[in-house]
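A.B. asks: Take a look at the following structure, please.
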Amino acid sequence: MKRSKSSVNTPRERERERLRETIGTSTITATGIDMSEVEAPLLYDVAESSVDFKGCPAVRSKSGCWKSASFIIGVEMAERFAYYGISSNLVSYLTGPLGQSTAAAAANVNAWSGTAFLSPLVGAFIADSYLGKYRTVIIASLLYIMGLGFLSLSAALHSDKARSPPQPQIIFFFCSLYLVALAQGGHKPCLQAFGAEQFDESDEDECKAKSSFFNWWNFCLCASVVVGLLVLSYIQDNMSWELGFGIPCIVMCLALIVFLLGSMTYRFHVHGDSRNPFLRISRVFVDAAKNWRFLDKALLEPNGSKDAACSIIDIEDAKTILKILPICLACLPYSIIYSQSSTLFTKQGSTMDRHITTSFQIPAAALQSFTAASLVLFIPIYERVLVPVARAVSRKPSGISMLQRIGAGIFLSVISMVVAGCIENKRLATATEYGLVDSPEVTLPMSVWWLAPQYLVLGVADVFTLVGIQEFVYDQVPSDLKSMGLALCLGVVGTGSFLSSFLVSVIDRATGGGDGDESWFSNNLNRAHLDYFYWVLAGIGALSCVLFVYFARSYVYIRRNGV
């Protein structure tokens, strides 16, 4: 006999009844289980609006939190090891075995990187609307493995390293490369959003743990990047490119196995609204456009009737999306600066003395480990020192607000460009002093450690801006658009890569023709002027700081779950 709601008296019974009502009318898209036939367990310690792999209400003590997040973070470490093992030394492969110019290689790397960071918008759409995060990660992992396998095969087919490969092999290489970029689109945003969903926001302890999750996510991510940069770049430079591309493929196979092994511990979030989140948000903008009014007018039918075309919740969610867009746009110059670490910074280092001992020198691509290492070192300091101090001063649980954190990182990115410009000026002066301006093949008598400051400052900037914008967007977007929110963060980085590619191409043409002067991006870096380009980026970044402060001061946070 079914009890009436009036008989539900205790908190335990009210929680059971709420679960029956929520789960009885919802369908979880991640596993495809019909929740209408699932009976809520007689347990009070259940995660809000979440079920386990079998479709039963998720029990906190047996699922989710750091138990599940550890599997997911491990998978992300493997994926970042593979991705940066390819991307970090890509400019060297393009200018070496493929025989491209510095400007062309930088443009190609930025275009590929931009695609890799924009494709998550498509992956997030598929995950949030159709497949769910769990299934999307599995499919993306299979595509990732396929792309890396083809990439290794394309390197193996190029047997004559002294000559550029024929056009069909080049096409096969770029097809494999872009398959990896598309695979990241389904992997990157869904995995991070799925990891954040392992923490129940209605539980105070788990809510605090989720805030730390984004910090430790990036900490572990960067630790794997450091290993990948040091190991794979050395193998690619000193052993073979096919092995350097093949190891990431094997690592991704292991990552997929680890992800599947953790399935029994995962929580799967159940949305109360079964409608397609993109369609309901899009409908708001379409209806508002039909009425030629602001978003609130989407509540009215175009014919003037008072029947609501969109719900109030839909309107508010659409407003939230519009509110965070200016913040993301103001971060674009930061992402342009960020993209230099994998292109021009690497080319700078290739001209300098990289010896640690008389017989061993650091691969040029491994210099990017400075940025990742600074993240690894600074995140614990931020988490254990800066946040408690800021918390004591501001009396806010987070210490500093998410927007303050992002703004600090944007400012530091400007400083990194100022430092990079000064060091490049010093490098050019060294080439002139020793008469090596027209001898680009000769290593300059200037230690590569001179580049460490620009990498380190940019790494600290990442702790503030990159981690901050992830937490900000995830916190502010509607609950059924979490993957899309994190994809939007990656989209900012991807758009910055495209803008960087565009700037390089335009400046290369503007400064390299007519009067016989060398381009700022001349193949002979001793006659190039990367320092001028860094000054330009510093100026753009300074303007973005002003713009960001303007938008941030007027932003009103959306409070969810009473937090």
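Just so you know, glycine gets a Cβ as well, placed from its N, Cα and C.
As the structure is a computational prediction, the values presented were derived from the model and not from experiment.
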A.B. asks: Kindly point out the range from 403-423, 445-465 that TrEMBL annotates with transmembrane segment.
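C.D. replies: Per TrEMBL, the stretch marked transmembrane segment is 403-423.
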A.B. asks: Using a threshold of three or more Cβ pairs below 8 Å, and leaving out pairs closer than 6 in sequence, do the transmembrane segment (360-382) and the transmembrane segment (486-507) count as in contact?
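C.D. replies: Taking Cβ pairs at least 6 residues apart, the transmembrane segment (360-382) and the transmembrane segment (486-507) are not in contact, as fewer than 3 fall under 8 Å.
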A.B. asks: Would you call the transmembrane segment (137-157) and the transmembrane segment (532-552) in contact, using three or more Cβ pairs under 8 Å, pairs 6 or more apart in sequence?
C.D. replies: no
A.B. asks: If you count every Cβ pair below 8 Å, which range out of 169-186, 241-261, 532-552 shares the most with the transmembrane segment (216-235)?
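C.D. replies: Between the candidates 169-186, 241-261, 532-552, the best contact partner of the transmembrane segment (216-235) is 241-261.
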